Amino acid sequence: MRGRLLGAAVVAVVGVASALVVATGPASAANPIITSVYTADPAPLVVGNTMYIYAGRDEAAAGNNNFVMREWRVLSSTNAATWTDQGARANIATFPWAGADAWASEVEPRNGRYYWYTSVNGNGAGWMNIGVAVGDSPLGPFTDAKGGPLISDSTANSSGLNIDPTVFVDDDGQTYMYWGGYWGVRAVRLASNMIDTVGSVVTPQGLTNYWEAPFMFKRNGLYYMLYAANDTQGCVTSSSYACQRYATATNPMGPWTHRGVVLGQVSSTTNHAGAVEFNGQWYMVYHNANAPGGGNFRRSVAVDRMYFNADGTIQPVVQTTTGPPANPGGGGGGVQPPAGTNLAPAATGSTSYVSSWETLAAINNGGVPTSSADRSNQAYGNWPEQGTQWIEYTWPSARSVNRTAAYWFDDDQGIDVPASCHVQYWNGTAYVNVPGQSTCGVAANTYNVTTFNTVSTTRLRLSITARSGFSTGVLEWMAFQP
Ligand code: FUB
């Protein structure tokens, strides 16, 4: 953060959280994701089929060059494209010992409870503190869990600015908190009660050019830390702005290995991000100044897709004004296979290439994927081949077909949904496109149905063209009798 008033500005304490709930209904799919209020410092959390974003609210008047932040809001979506503002679910008054500055926060679940770690200005000595509230659902209600700050300026070896907590519960139950601003990153273990620290506060190593805003997550056994930096060595054009760098580690307390810039400069001076997997896709949430009337103290939350490379590094996130396409998911039976007589199980499959650790049998074994990342019924993939590849069905005698459905495989590594595809058939002398075919869809987490004029053939082929830099895969390919 920059350009703010130093010191504890006294602000009017707003009413209890429940009195502030304003549900504005679904927003349109676009970035920023809501524009009815200004929102900042987003932290994502997926619970069941819902993605939540916990965010502060910027209330500064136009032209006011200081943060005015009094509450924390929740946004939710079941497809990562259309968002509902669930209103303020905590505010400064949630912490009776605090009086101002509802800055960056994050929610971490444990044992059915939801712990909301916040940056907030206490009424005691010093400036910013880390507080923790708790609730029994992602939407609360939330109450102060500790009766005082978890971290304050009097905590030994605390940061020069105790803001921006990120808390991560590992698979073994060990819990870690990182936080800090003004280049002062700190880490400490938390007890299983989530409200006490365990051991000493340490200064983690390897978070190169750290400025503020850490966000920790784990993927395929590797720990990741996103964080804001403001150097001009590949990060930003002016150190008034910030980018998101990231680092990885094999131990949750580090040391960390810096991996580069994952989100470039945004239109606000501050840059605060988080990442989450939802319905088989990864997303980065961040903020910018792009809403009408927006600015450095009137920020708005945006969401875009985030892609991993096969080696676990992350591709730089592309900032869009459209946001991600709707991700309908499939978990819990959300997407049912199309009805009809599926001729695929009776066919023999063949392909231009299949990776040795995957299997072509996946495409017609009748599996019902819950998402494009679901390997539970096996997966076909052609990594490391790129460009155009194909899969094919052969029947011992001609079959009439007029519809197919493809469920793409996306491992969030080297395999992604394709750029395009088309259905072809063997006309006796060559493969040609089936006549009158509708768009060959490339959506993740669903069945992409292609219809066409009926053909009678012994061989049907799905020609698949990969996105640049990726291979492709298929979890199920259905072929229907008219
Ligand atoms: O929103 C107030 C502060 O600005 C946050 O705590 C920082 O991360 C920066 O985004």
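Just so you know, glycine gets a Cβ as well, placed from its N, Cα and C.
For 1-29, the entry in TrEMBL reads signal peptide.
Per TrEMBL, active site, proton acceptor is recorded for Asp41. When secondary structure is read from DSSP and collapsed to three states, Asp41 (active site, proton acceptor) falls in the strand class. A sphere of 10 angstroms centred on the C-beta of Asp41 (active site, proton acceptor) encloses 32 other C-beta atoms.
The feature active site, proton donor is assigned by TrEMBL to Glu212. Residue environment of Glu212 (active site, proton donor) contains 28 other Cβ atoms, counted within 10 Å of its Cβ in all protein chains.
Among the features that TrEMBL reports, region 'Disordered' is placed at 319-348.
It is 11 Å from the Cα atom of Asp41 (active site, proton acceptor) to that of Glu212 (active site, proton donor).
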